[in-house]
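Over in Swiss-Prot, the protein carries these features:
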type	residues	note
BINDING	Cys56, Cys60, Cys63	[4Fe-4S] cluster binding site
BINDING	Cys100, Cys131, Cys191, Arg264	[2Fe-2S] cluster binding site
DOMAIN	41-260	domain 'Radical SAM core'
Amino acid sequence: MIPSDLRTDWTVEEARAIHALPFPDLMHRAQTLHRAHFDPTAIETASLLSIKTGGCPEDCGYCAQSAHHDTGVKATKLMATEEVLAAARRAKAAGAQRFCMGAAWRSPKDRDMDRLCDMVQGVAELGLETCMTLGMLSPGQVARLRAAGLDFYNHNIDTSPAYYARIASTRTMEDRLETVEQVRRGGIKVCCGGILGMGEAEEDRIALLVTLATLPAHPDSVPVNLWTEIEGVPVQGRARAVDPFALVRIVALARILMPASVLRLSAGRTEMSDELQALCFLAGANSIFVGDQLLTTGNPAAWKDRDLLTRLGLHVAPARARPLVAAN
C-alpha cells in the first residue's frame, strides 16, 4: 500500500505556496512528515570514490571533469577492481554504509561492464550497499548491473527544466529523465537530485524538486548539492552563494514533496556551518557523505562529522536490508 502522503501529482503552484510558508510552519510540516517515515535521530552514511576521473566528453558547465573545460583535472583510466575494493574496505572501516562509485563518462563502454560488475559484486560481498554513477545506460547495461547486485544508481537532473540549457548542451534534460526511468524500470533504486547555487532563480529550485516529485516514483535518494567553487568552468562566472535559510527551505520542501525519500547533504558541506547542517537535519535531511573527498571536491573530516552528530544527539542509521539478486 502506498502511504497517502506520497504524491506524484504536485504542481509548481502548490510547491511555491508551501515554500513560502512562515519558517516555523514550514519546518513543523517537514519534521512531522520526516518523523512519519524515518527515525529523526538517524543519519545514513555513504562514501564516494571516483573510479575513472576526468576526460568526460559532456560539457556540463559546473563539472571539473569535463574535457571541454581547462580545470587542471587529469584524466585517468578505469581503476582496477582490487583498488576499488581496497577503498571500499577503508570506507566501511570509517563508518560508511553505502559505497558509491563514479566514472566520468557519457556512458560506459560494453568492454568495461565485466570490470564494473566485478566491482559491484565485490563491494556487496563486503556488506556495503552499492551505488554507481556512470552516465547514461542502455537497457542491457542496466540489466547487467542489477544482476551483479547494484542497489542504487545515481543520475542527477542538476537543475530545473527551464534552466538546464544554461548548464549543458551535449545532453538534454529529457536524456537524463530517460536514463532515470530506465534505471527504475530495470529494478535498481534511483538516486537523483540537483545542484543549488549555479545562478538559478528560486523558481528553478522549486521546479527542480517538482520535477523529481512528479516522476512515476519518487527517487529513493535525493542528493542536495551546493555549488562549490571550481576555476575554469562556465558556471563559475554566474554562480551565486545560496542563502542559508534558502537552503533549509529547499530541504524542507523536498521532505514535504517526497516524504519517504532519503535526502542527502552532498557537495558543499565544507561551506556549511554546524548550525546550518543542524537546521537541514531538522528540515528532513538524513544522509551525508563521509570521507574527506568526494569526486573532485572536499568533504568535512570524519572527526568533524562524528563530533557534530554527537553534539546533536544523532546516530548513524543501520544499513537497510539489501534484497538478494541472482548474478549471471
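Glycine is treated like the rest: Cβ placed from N, Cα and C.
Here the features listed in Swiss-Prot are painted onto the structure.
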residue: Cys56; record: [4Fe-4S] cluster binding site; Cβ within 10 Å: 23
residue: Cys60; record: [4Fe-4S] cluster binding site; Cβ within 10 Å: 22
residue: Cys63; record: [4Fe-4S] cluster binding site; Cβ within 10 Å: 25
residue: Cys100; record: [2Fe-2S] cluster binding site; Cβ within 10 Å: 28
residue: Cys131; record: [2Fe-2S] cluster binding site; Cβ within 10 Å: 24
residue: Cys191; record: [2Fe-2S] cluster binding site; Cβ within 10 Å: 27
residue: Arg264; record: [2Fe-2S] cluster binding site; Cβ within 10 Å: 23
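Proximity to Cys100 ([2Fe-2S] cluster binding site), defined by a C-alpha to C-alpha distance within 10 angstroms, is shown by none of the binding-site residues Cys56, Cys60, Cys63. The shortest Cα-Cα distance between Cys60 ([4Fe-4S] cluster binding site) and any of the binding-site residues Cys131, Cys191, Arg264 is the one to Cys191. Arg264 ([2Fe-2S] cluster binding site) falls within a strand segment according to DSSP. Across the structure, Cys63 ([4Fe-4S] cluster binding site) and Arg264 ([2Fe-2S] cluster binding site) place their CA atoms 19 angstrom apart. Separation of the C-alpha atoms of Cys191 ([2Fe-2S] cluster binding site) and Cys56 ([4Fe-4S] cluster binding site): 21 Å, rounded to the nearest whole number.
Taking CA atoms as the reference points, Arg264 ([2Fe-2S] cluster binding site) and Cys56 ([4Fe-4S] cluster binding site) are 25 Å apart. Excluding the listed site residues Cys100, Cys131, Cys191, Arg264, the same chain places Ala46, Leu48, Arg98, Thr133, Phe152, Asn154, Ser221, Pro223 with Cβ atoms within 8 Å of the centre of the [2Fe-2S] cluster site Cβ atoms.
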